[in-house]
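S.K.: Sequence annotations record features per position, and here Swiss-Prot assigns disulfide bond to CYS38-CYS63, CYS42-CYS59 based on similarity to another entry. Residues annotated as motif 'Twin CX3C motif' in Swiss-Prot: 38-63.
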Amino acid sequence: MSFLGMGRPQPTSEQKIAAVESEMRMMADTYNRLQQSCQKKCVPNDYREGELNKGESVCLDRCTAKFLDTSMKVSEIMQQQGQALGGQQGGGGMF
């Protein structure tokens, strides 16, 4: 509960569900971009074997690690910029 009604209003159940759905869409989009990017880079279009060979497996592992690391760094920078922008406007930012 807010002190003297000065706090932010609590989100409704519908708002919470919408936020979770939005987050799920973003996670699915990130996964799809990761899968497409790393498969294009590491796995040839003409499959020679039923399983990944060692080189393909290592490439996919490294590609995934780099993709996720880059995504985290971009997210952190966007949050910092959002907070800085929110501070300049004198109000709460989106992030």
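Keep in mind that glycine also has a Cβ here, set from the backbone N, Cα and C atoms.
Buried or exposed, and what's around them? Tell me for each listed feature.
M.R.: Cβ environment of CYS38 (disulfide bond): CYS59, LEU60, CYS63, THR64, PHE67 lie under 8 Å away, each six or more residues apart in the same chain.
Summarising the environment of CYS59 (disulfide bond), the number of other Cβ atoms within 10 Å of its Cβ, over all protein chains shown, is 17.
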S.K.: Using DSSP, what's the helix, strand and coil tally for the motif 'Twin CX3C motif' (38-63)?
M.R.: 15 helix, 0 strand, 11 coil
S.K.: Any same-chain residues 6+ apart from CYS42 (disulfide bond) with CB under 8 Å of its CB? Would you list them in sequence order, or say none?
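M.R.: For CYS42 (disulfide bond), the qualifying residues are GLU56, CYS59, LEU60, CYS63.
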